[in-house]
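Visitor: TrEMBL feature annotations, pasted as is:
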REPEAT    6-47  repeat 'WD'
REPEAT    48-80  repeat 'WD'
REPEAT    150-184  repeat 'WD'
REPEAT    185-217  repeat 'WD'
REPEAT    282-312  repeat 'WD'
Amino acid sequence: MKPLMLHGHERAITQIKYNREGDLLYSSAKDHTPNVWYSLNGERLGTFDGHQGAVWAIDVNWDTTRFMSGAADQSLRIWDCATGCTIGKIEHNSSVRSCSFSYSANMAAYSTDTHMGHQCEIFIIDVRNADESIETESPILRIPIQGPKVTSLLWANLDEYIITGHENGELKQWDVRTGKNVNTVNDHTKSINDMQISKDGTMFITASKDNTAKLFDSESLLCLKCYKTERPVNSAAVSPLYDHVVLGGGQDAMDVTTTSTRIGKFDSRFFHLVFEEEFGRVKGHFGPINSVAFHPDGKSYSSGGEDGYIRVHNFDPAYFDFNFDCQYSN
């Protein structure tokens, strides 16, 4: 399983994301310039030039016509995927920490940081006719957050709800029509770093600094499964093909030099979705893994690390022949 090594970023990767078909892989880092790659051969297709700060969050819509990025330069930008040009830009008083297109891609949601007296807020905007005027238009919904800031968000239940993960480990469910918080759960004890939804949208997985990743029901926010590790989990994804999840993490970047690299701190770790048991690890990164993503066909996955590299791994035939249930048959 020799991976493709994609090196187009000068600083740590913050997020990677496939488009719906899986032929393109989008990446963002702390170096101001999101990239787009061909996932098959690792060739860089282009860059999105314009941000003046670290890019924290990215998303691409279902038909790969629009790309969105939120950054530390206190702006959200919407781009044309074909040309790489900025369609619209929205300025704020603090960093844009997370962003996501709705399932229909008619709307987009994003959140800002708590900073210098400005509180964290969630915004929902109409992006159907996005152009330069989007900055002056009022958002569809604006939700001020009292308490810990939003660190990640996603759409659920066919655009009925937004689910947000917070700095204190809370998960909140928001009704898009009313803007009200309809459900809150406290299954994590520390900040939620990442949330990714399953292929059918019925479940989503969270990655947290409390050394666990957890699987939740999208509608009820019921915690279904828990995957435990010894280190903070920065990202987690659910396979679209098998009952597998992959976790990526490692200790904080500033602690990396104080420990040996041989102890498997920076491996991608594979767990069985149902049995919660670890069955595989993939080494490679020279630092914590910040983002993982399964290819939409489930036959490969990618990981982006603090070392600035993205590694695209195609699974060996042994992965597809592996039968987890046989360990329990006797």
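Glycine is treated like the rest: Cβ placed from N, Cα and C.
As the structure is a computational prediction, the values presented were derived from the model and not from experiment.
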Visitor: Please report, as numbers and ranges, the same-chain residues at least 6 past the borders of the repeat 'WD' (282-312) whose CB is under 8 Å from any CB of it.
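Guide: Answer is 1, 3-7, 9-18, 20-22, 25, 27, 29, 37, 39, 42, 194, 196, 199, 232, 234-242, 246-253, 256, 261, 264-268, 270.
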Visitor: By DSSP, what is the split of the repeat 'WD' (6-47) into helix, strand and coil residues?
Guide: 0 helix, 21 strand, 21 coil
Visitor: Write out how many residues of the repeat 'WD' (282-312) are helix, how many strand and how many coil, based on DSSP.
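Guide: Reading the DSSP string over the repeat 'WD' (282-312) gives 0 helix, 16 strand, 15 coil.
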Visitor: What mean pLDDT score does the repeat 'WD' (6-47) have in the model?
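Guide: Across the repeat 'WD' (6-47), the average pLDDT comes out at 94.
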Visitor: How does the repeat 'WD' (48-80) divide up by DSSP, counting helix, then strand, then coil residues?
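Guide: Result for the repeat 'WD' (48-80), in helix, strand, coil order: 0 helix, 18 strand, 15 coil.
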Visitor: Could you put numbers on the helix, strand and coil content of the repeat 'WD' (185-217), residue by residue per DSSP?
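Guide: Across the repeat 'WD' (185-217), the residues distribute as 0 helix, 19 strand, 14 coil.
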Visitor: Which residue counts does DSSP give the repeat 'WD' (150-184) for helix, strand and coil?
Guide: 0 helix, 22 strand, 13 coil
